Every structure is written in C-alpha cells, then in structure tokens.
Amino acid sequence: MKNKGRNEMETQLEEERNKWNEERERLEAKCLEQRERIVGYVEEISALETNCQKGNESSKWEAKWNEQQAQLQEVKSELSRVQDERSEMKSRWEEQAKELQDVKDQLVEANNRKAELEKAHAADDGVAAELQRQLTELREERADIKEKLDAAHDAVQQNSVLVQTLESTVQQIESEKVSALEQVNESALRAKELEHQLETALQDLESAREELNIANSKLDSAQSPRSRSALEEQHHKEVSLLSNRVSTLENRLSVKESELQDLIQETTSMKEELDQFKAENEELATELEEKDRQLAEAGLKATKSEAEFKVQLEGIELELQKANEERTESSQLLEELAEENEGLLAKLEGIQRDVQSAREDMASSTERVEQLENELATEKKTTEQVEEQLLCVQNQVSELQAQLSSLQQELSASQELVAILQQQKIDSEKSITELSNELSTVKSHLHHAKSEISSLESELQDKQHYCNNFENIERELLRENHVLNEIRRKLHNRVIQLSGNIRVFVRVRPLIESEMMLLTDGKNANNGTGSRPSSSNGISSRPSSRGSISSRVSSAKPASKPSDALTYVSPFHFPAITADRSSNGRAPNGLTSYSDLTKQTIEITEPYRDRGGLNPRQKKWKYGFDRVYNPTNTQDDIWEGASPLVQSCIDGFHVCMFAYGQTGSGKTYTMIGDAQSPGLIPRSVQMFFDTKNDIEKKCNGQGQDVHVGIGVELLEIYNEEVRDLLSPDAGTNGKLVKVDLNGHEAVGNVIASASSQKDVEDVLKLAQSRRCVKATKSNAESSRSHLLFTIHFQVASSTNEELNRNGCLHIIDLAGSERVDKSGSHGALLTEAKHINKSLSALTGVIEKLQAKSEHIPYRDSKLTYLLRNSLGGDSKTLAIVCCSPQQEHFQESHNSIRFAAKASKVELKEGNKVDV
C-alpha cells in the first residue's frame, strides 16, 4: 500500500511538471510576441518624431500621428491595467511564497525528525547488534549449561538406580537379619533352659556324693564285725540306691549333653547363615562360637565345681548381653542409613524438579528470543520502506522548489512585458489553483508522513520495552549461571575431598642424553657382556647458568629414544591392572585388596648382585598410588593430574604441591620445566591469568564491579634459615626472615603483585638467580635449599559478595636428598647436605606420625615441616610428586622415595583439623 501511494504521488508530480513546462513555453511565446509589438510601436513613434522634427510631413502624417497617439494611449492604459494585474498577482504570489515557505519549514522539520529517526535507528541497530551478540553468548552458555544439566541428570539417574539397588539390598539384609536374630534368641532361651537343668543335675549329683561319703565314714567308724556287716549291707543298699540315682542322673546328663550338642550345632549353622548376610557381625559370631564351645566343654566337665561353672555362665551372659547391645547398635545404624537414603532420594527429586524447571525456562526463553528476532527483522524492513518514502518526498519537494524558483524567474521576466492578455490571467489563476491543489496534496502527504513517524515512535517504545524484558531475562539467566557455578565449585571440592586430601603421584624420569652416552660407552667397554655400567656421575651434564630458569632444566630433558636403554638398566616396571578375579578368589596382579584397583601400580626390582655362584635372588616390591608416570609420560600428563587441584585454589581453597626425591631425579624439571615443556608453576600461572581475564571480562561486562588480584611470594629454606628471594634489599642470596609461631608462616617477606604472566616469569628468574645452587658429583647444579613458591588468588566484588573468594597455592621444590659418599660433599657442602637430609628426615617423621594418627606431630623439628604444617595437617589439599631416577645405581634412594610416598598416601586428613605443634 505504501509503494502504491508513492507511485501515485510520483505520477501526479510528473503530470504537474509537464503542465508547468507547457505553460512556461506558452508564456515565453506570448512574451516574445508582446516584445515584438512594443518594439514596432517604439520604432513607429521614433520615426514620427523624426518626421515631425524635419517638418517635411504632410497633414496625413498628422492624422496618422494622432491615430498612433490614440493607439499609444490605449497601449499605455492596457499597460497600466496589466501592471495592476501584475501587482495583484505579485501579492498573490507572495502569499503563495509564504505558504511554500511554511511548507519548506515543515519539510525542514520533517528532515530533522528524519535525521533523529535515522540516529535512533542507528542506535537501535547498535543495540540490536549488541543484543544479538549477547544472545549468541547466552545461547552458547545455555548450550553449555544444558550439557552440564544433561550430565548431571544422567548422574542423578545413575545415582537413583544405585540408591534403589542399595535400598532393596538393605531391606533384604534387614529381613534376613531379623529372622536370624529371632533364631538366635530362641537358641539362647533353649540354652538357658538346658543350663538350668544341668545345674539341677549337678546339685543332685553333688548331694549323692555327699551321702556316699557319709556312708563310707560310718562304715569306717564301725568296730564290731556285726555292726560292720550290718553297715556294709546298709552301705551296699545305699550304694546301690546311689548308683541307680547316679546312673539316672548320668543318663539325664548325657541326654542333656546330646540336646546341648544338637543345639550347639544348630546355633553354629544359624551363625554361619548370619555371617553370610551381615559381614559387620563377624566378631560377634566368633565370640558366640567360642562361648558355645566353652558351654560344650562345661557340659563335658560337669565334675568341676559349681562356682566355676556359674562364673562361666555369667561370662556367657555378659557376652550375650554385649552381643545384644551390638545387635541393637547395628539396627540403629541400619535405621540411620535408611533415613539417610530417604534424604538422598528427596534431594534427588528436588534436583530433578529444578532441572525440569530450568529446562522449561530455557525453552520459553528460546521461543521469546526467536520471536524478538523476527519482530526486529520486520521492523527493520518497515524502517527501510519509510526511509525510501521520505527520500522520495524529499526529492519531490526539491523538484517543486526548483519549479517554484523557475516560476519566480519567469514572473520577473514577465514584469518587463508591456502587455499581458486576459487569457494569461485565466491561465495564471488555473495554475494557482493547480498549485493550491498540489500544495494540499503535499500537506496531506506530510501529514501522512507525520502519522507514520508517530507510529514508528510508538513501535520504538515497544521495542524498548521488549529490550528491557530481554535484559531482565538476561539477568535471571546470569543469576542461574552463578548458582550453577557455585554448585560446580562445591561438587568439585567434594570430588577432591573424596579423592583424598593428600594425593601422591610417582614419576620415573627417562634417561638424559649424558646417561645414554655413558650407558653406550659402558656397553662398548664391556663388549656386550651384559654387565651394568657404573654411572656415579651420570647426571653431571647440566649447564652452570643460574640466571635462566630453562637453562637449569634443559639438559635434563629425556633422550630422543630411551626405550632400549631404559629396558636395560631401569629397576622399575609398570604392570597393567585388570578387574578379573583369579580362581582362588584373591585380588588380581598380586594386589592386597580390591580397593587397590583405584590406584595405579609400580613394581620395583632389586638390582642384580653376584652371590658367588648361587642362584640370583632379586626381591620385588609392588606399590599403588593415585597416579604413576612412567618415563614416556610428558609434562602434559603431569598437568592433567594436577590441574584439578589448581582449580580448587581458584575456587577459594588452599592447595599445596611439593616435589620429593633424591638430587637429580627431575624435581625442578617437573615444577618449572622449559620453554617447550613448561612445568607445574608456569602452567598454574597461565591458568590463573586466563581465569582472571575471563572473570573480569564477564563480570565487568555485566555491570558488576569485580577486581581479581594475583600475588606471588618466594621463600627459600637454606641451612634451616628462611630467606625472602623477592626482597629489594636481599642482595644475591635473599633476605633473612623469621617464622612467626602465632599463625603466620613468615614475617617481613614480600608479596609481589602480578598483572601479567610475564611479571611472574620475571619474578621466577630473579628468585632462581638468588637461589643457592652448587655442583656435586651427583648433580652439576644441585639445589642446596628448599624453594617455596606461593600464589595468592583473590576475587573482590563491591556489588556481589558471593563472588568474593581467596585461594592460595603453595608449590614447593624440595632440595634433593643425597648420600655423602656419592655426592662427595665436604666443608660447606657437607653442612648443607646435613641440613637438607635433616629437614627431609623431619618431613618423613611427620608423615609417619600422621599415618599412625599420633596425638602429637613434631612440626617444630625443622623449618620446612613447620611451614608445611597447615598443608600436611590442616584442611589444605596436598599433592606430593615423588620423583625417581631410572638408574639401578640409584635404586636405594629411589626405593626410599617410594617408601616415603607409600607412607604419605596412607595419611588421612579431615577438614577443619587443628594442627598440634
């Protein structure tokens, strides 16, 4: 409809333009004709005047002169009349010009409004683009959230199935337990009845024996043969009676014993059935069997004293009472488990409802967003059409203005004409009428444009309302995203806690190039005899540069193809774990229990020793740890296992990672690495800054004032002295600081603020240049101190306190343990070695005390253990990376490191433990 109206208006304007052109041509022709007539009149008048001056003309010329004068007078009168009409037309044209000026003003105002609308449309396009971008981001986040919700839903379904299975199993065990307990109670009642009957029989037997003794005493006291014979007869009678009575009692006793034996057998079978359904009551079943055997022995030894038998019966009653109490406790425990299962089911149902509600909200949001997109596209098309119409109207107005200017020029030219016919007036009036009609048409179009502009403004307000609704939806989705992020943090922390607060990784490094060369030289020197090469200085090829981090670890890179040489010299083996049970019912692969199936195993074999012709005996040990890395594993594999702990630090928890092992075992390479294979410290720093950028970009884009701060501190423990490597007045060896016994690890140390990853790298280079490193026979650049690298990650928000958190990551590169006879240390090196071995021994002692769950833990034995007290005995999440050398010459040191790892893996920490120093 709008296009049709515009076409009609263009057609009318074209017709009007043609009419004006025709009228202009006609007026020009008339003007030329009048001009020619006036010129002729002027020439005739001039000729007459000339003739009059000459005085040569006759009277006929006077008549002609008079006639010409009359005609001239008529022309003058006509000219005055035309001038009057011209003035009248001029006034009318001035009125038309005023009206056209008003139209121009209205068009200018319309253009201004159009410019404002264009600006508004441009702003709307920018807002639409921003909304489209935010919509795309929300869709991506919605897809991620949907995937997470689907995964959570699958996990919830699996947990629900598992919970139902456990509930059915618990109910079955409970019913079987109740029946078994009823049978045990019946057996106990029957045992009590038999015990009572046995006591009665024993009392009768005892009274019979007393009567027999009395009779014997009477028989001995008799003096005369007659009295003796009489007494003997009486005695025989009494003896026969007593014998009959004793035999009767013995028969009754044997019957009771057989019944008791049957009862014992029945009780034993019932206890065996009870053991099959309730493993927790094994100790109770054992005690009941023991008491049953005691009861059987008591029946066989009925000749013992009544007092001893009563004592045994009292003991049995006490044991039965204890068993009943334990049974009651087991019943209560099962009831608590049932209540806990009901609570878990209720939580699962709540989570399922929340997930369903979130899905419905997301579906409605998706439909609403699609509807908004369609409406936005329609409005864009309408706006373009209106702009085209406005452009056409503007062109038409410009053409009309040009035509009006042309008419004005024609009017000024017509003022020079001396004669205008009446027909020109009629034609001019017609032209004015047509212009008036055209002006009314333009006004109607202008009114229509104004109405369209008002409708567009109302539609713009509606779009603004839709944008506000969209912003509300966006805020709601962001709030839900924050809630889901909090749930993820809690679940991640729970997973880390279930994995164990102290996690132990074991890494066996590959042979380095210098060791490969020594191994090859040893093979050539032995001419392939298979003897093992000596490599007392096999790790002495590292460069002596102290200013670069990568220079300290570049020479410790693995050889390009270490497989053949490693197979030849390494005492380590990495067996695979299978879940198949062997025929004898034991755990596979020599593991002690099926809980070891959650671990990764490493096998270490004693080196070959010449036993003087005897058969070789090489001992083997097998251990299980959270992760075991063989020489083919890379730095990426180490980071994959350690990155969840770094994520816990980002979530606001305290995390500690330390590397333990002999000198030259690859601890510094694992922690620092090089440019091609960065270690844990550079990767952790990169993860912190990536998270920092993501949080600030996301939260500040949402209008939340969030600041993420990262601080770094570096301490060195050298000869039981704590040094700050970042102090500006530390010199080349670091500034001494003291340990505060009131809660703070160090007093006076510097915490350097870092704004980029390069700042942390510069700090590490400075600290590495100040760290104490010296050469020994075992290592060309042996670390003579313990390095404690700490990163503080703090999120502070003034608008949302729920975003506030403060995490701390300690990464410790321990100095390597060494043997003085191998390292060749003496003088200052010997003193350093003593302090290093002392601190590592103190660390081992702390681990042993923690494993034994001792009440007192000797954290004060060294500065190292005291600084690590909260990481080892508090609620921190700790990762111990034990590094080992693959060479057989270092077997004893590697085995000691493995033993330390095994002790550390058995330490159990609980959240909120107080550290006893």
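Glycine too: its Cβ is placed from the backbone N, Cα and C atoms.
All TrEMBL annotations are machine predictions without curation.
What TrEMBL says about this protein:
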- 1-22: region 'Disordered' (REGION)
- 216-227: compositional bias 'Polar residues' (COMPBIAS)
- 216-237: region 'Disordered' (REGION)
- 246-438: coiled coil (COILED)
- 501-907: domain 'Kinesin motor' (DOMAIN)
- 521-563: region 'Disordered' (REGION)
- 531-563: compositional bias 'Low complexity' (COMPBIAS)
- Gly661, Gln662, Thr663, Gly664, Ser665, Gly666, Lys667, Thr668: ATP binding site (BINDING)
_Other CB atoms, at most 10 A from the CB of Gln662 (ATP binding site)_ = 26
*Which of the three DSSP states, helix, strand or coil, fits Gln662 (ATP binding site)?*
strand
*Under a three-state reduction of DSSP output, how is Lys667 (ATP binding site) classified: helix, strand, or coil?*
helix
*Using a Cβ-Cβ cut-off under 8 angstroms and a sequence gap of six or more, which residues of the chain neighbour Ser665 (ATP binding site)?*
Arg509, Gly816, Cys883, Cys884, Ser885, His890, Glu893, Ser894, Ser897
*Find the average pLDDT over the domain 'Kinesin motor' (501-907) in the predicted model and report it.*
73
